[in-house]
Every structure is written in structure tokens, then in C-alpha cells.
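Here's the structure, in C-alpha cells; my notes come after.
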Amino acid sequence: MAIKTLKDLLAEGVEGRHVLVRSDFNVPLNDDREITDAGRITASLPTIKALVDNGARVILMAHLGRPKGEVNEKFSLAPVAEALSEALGQYVALAGDVVGEDAHERANGLNDGDVLLLENVRFDPRETSKEEAERGEFADQLVALTAENGAFVSDGFGVVHRAQASVFDVAQRLPHYAGTLVEKELEVLGNKVASAPERPYAVILGGAKVSDKLGVIEALATKADKLIIGGGMCYTFLAAKGINVQKSLLQEEQINKCKELLEAYADKIVLPVDLVAAAEFASDAENKIVAIDEIPEGWMSLDVGPKTVEKFAEVLATSKTVFWNGPMGVFEFENFSAGTRGVAEAIIAATANGAFSVVGGGDSAAAVRLLGLDEDGFSHISTGGGASLELLEGKNLPGVSVLES
């Protein structure tokens, strides 16, 4: 069944109606609680602006971090309310609670075109409860904020893979629609990448833990033409080939699984040929470029080397579809950012050459911004890390399937 979208809701009319919007405002903050990457906030603006311009009374729901079901000032959405006020050019009020007295009072007091941000939904343990009855109770209280004739817009793509109250259960209780962002993500990832990628199709996976991405690797190895593996997860694959990776990040319990994958997909999996080894895990650590089997004793690799970037770039240059998720090294340390930068630049070059490229959210999107790369050089930068991977894996996304019902 087709999913109704924001366009459908606007055609029905939203003037004077309370519209609950699930956004993704899970943005990184520094120690002074300043937002260091507002990408997700920027991505949420088209939906919010459209509702405001059409006279809706907008109630935003979102989470930040993992407060574990308790009110914790450290995870308050106050910095987000401030950033939204600035970006929208109008005051966005922050409720002092999620479904308490203050939230109700403020929701009841909204005028057409006003925006209210509820406090972090994960301050309530029922948001992430595994018990449907508990989530349902919380969802009922969220829906109660909308008065009569309310509607729900799902626009937090980064959370659609979660069966949580504000994502899944609220949608079951109100007329529901996909926001601009979710609609675009499903179109790009679902149609252009997952269903019918133009070939050759290359996937680049990085990031720390191989265990987090084993399911993805297995699923994509059958679908992609080339599977490039870098970042912290590549060392378990190198160890599976009998290489001593010294103190590099290693998940020994996954070595046999990596061996199986290397045997099954020998023609598809592409691994590093050189590395940037460091004496310790520090931004100013003594470091040198070495072959994969020449990491000095007691040292660790913190990035892929220049020959590896060249090798990966050759694969990307001939690809027509490219999906990238996960950095190639510890890009936050300048001395170990060249691998991630080199691969990102190779993807930009492939895109300029006609390839369709997607950056799969999370750390990769953060790396693009931190390294000052041209975001327009990629066809699409996704806002969902885990969600984009699960969509490509072919998994059921609760927050999407509920919109189809």
C-alpha cells in the first residue's frame, strides 16, 4: 500500500489542526552543550516550514542521546529549541516535560503556525519499552496533546528502524503521513539503491565494530558488485587472512565468520593493502605508513594508507552506484583522517563522472562536514545510519511499515 505523504496532508488541510511530528534531532553536542553538527536539524526544516506556512499547530517530538528513561539535564533538548528558533526565524517553545502539565498547557495554547518542542521523549521509560501496552499508554498521552482532528507526520528517518512509542505506536493512533525527509530517504535508498541500483554497484563499509555490520556485510555481499572494507572493522578481516594486526582493534570471536565471508565472496571483498600505524591511540602519536603485515610490535593501525586509498578509488571510478557507511580511520585526529578524506574525494570524483552516490548517515556524514568536504559533491547524504543500513539489508522497518497500514 502506498504511503501518504506531507503533500496529501497539506491537500486535506492543516489550518488550526495540531500536528505531531516525529523528527530526528539526535545531534552531537560539545562539553558546553553547543551543537557541533546541525545537519539533522537542517534536514527537518522543510517539513516544519510547510506545516507552519499552512497554519498547523506543530508539536515536535524527538530524542537526544540515551538518558535511559530518566530526566537528565545533560540530554535536554534546550539547545535544539534554540537552534530551531534561529533556523525557522520564529520562537520555538520547549515544554518543561514530555506529556505532563506543562506540555498540555503549551499545546492547548498554540496558535496557528506556532511550534512547540516536547522535552526529550526518552526521558520517559515507556518510549523505548519492549512492552506494547507500556508504549501504547505513552503514545495515548502523546496523542492527547493534539485535541481533536490531529495528525501524525513521521520525519525522523534516523529512528524509523525502531518500534518506539513516538515512532510506531503514535502512528497507529492518528492519520499518518511521511514527512518530506522520510519520503526522500525512502525514494533514494529504497528505489535507487536497494531495489534497482545501476551497476557496477560498490559499497564501502567502515566504522569500528565488525560485529555491528556482519548482517549488512552478508546481505550486501549478495547484492553489491564490490564490497570495500576499511575502518576499525577491517582488522578482523585482515586477522582472518592470518595477518598480525598487533594492537589494532580486533574482534577475535568474529575471525571465523570473516574467514567464511572472505572465502564466499573472494571476488567481491576489497581490503586495505597498507595502513597508518601509531604507537598509541592519541592525536599526536608517533605514526608511519606500513604494509598490512608490517605493523610494528605493540603498535596499532588508526587509518588506511595511501596505496589503499588508490586501490579503493580505482574501484569507485568505474562504479555507477556507490553507498558509503563508516569512516576509514580515526578521522577526528588529523593525522589519521587522510584515508576517510581520500575515499570521500574518490566518491565525489565518481559522482562528477555520473555515479549515484549515497553517504549513509552517522559518522560518515559527520566526517564529510568535519573535513570540510563539499556536501553537494554527493548525490545524497542520508540522515539515518542504522536505518539506512537496515533498509539496504532488506529488513522490516517498523516506522515505515506502520505508515503503509
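Using the three backbone atoms N, Cα and C, a Cβ is placed for every residue, glycine included.
Here the structure is a predicted model, which means the values were calculated and not measured.
What Swiss-Prot records for Asp24, Phe25, Asn26, Arg40, His63, Leu64, Gly65, Arg66, Arg122, Arg162 is substrate binding site, and it gives sequence analysis as the kind of evidence. His63 (substrate binding site) carries neither a helix nor a strand DSSP state and counts as coil.
Annotated ATP binding site per Swiss-Prot: Lys213, Glu332, Gly361, Gly362, Asp363, Ser364, in sequence order, evidence recorded as sequence analysis. Annotation for Ser364 (ATP binding site): same-chain Cβ neighbours under 8 Å, separated by at least 6 residues, are Gly206, Trp324, Asn325, Gly326, Pro327, Gly385. Ser364 (ATP binding site) carries a helical DSSP state (H, G or I).
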Alpha-carbon distance [Glu332 (ATP binding site); Gly65 (substrate binding site)] in Å: 20
Max CA-CA distance, Å, over listed substrate-binding residues Asp24, Phe25, Asn26, Arg40, His63, Leu64, Gly65, Arg66, Arg122, Arg162: 18
Candidate nearest Asn26 (substrate binding site) in space, where candidates are the binding-site residues Lys213, Glu332, Gly362, Asp363 and distance is Cα-Cα: Gly362
Asp24 (substrate binding site) to Gly362 (ATP binding site) - Cα separation in whole Å: 12
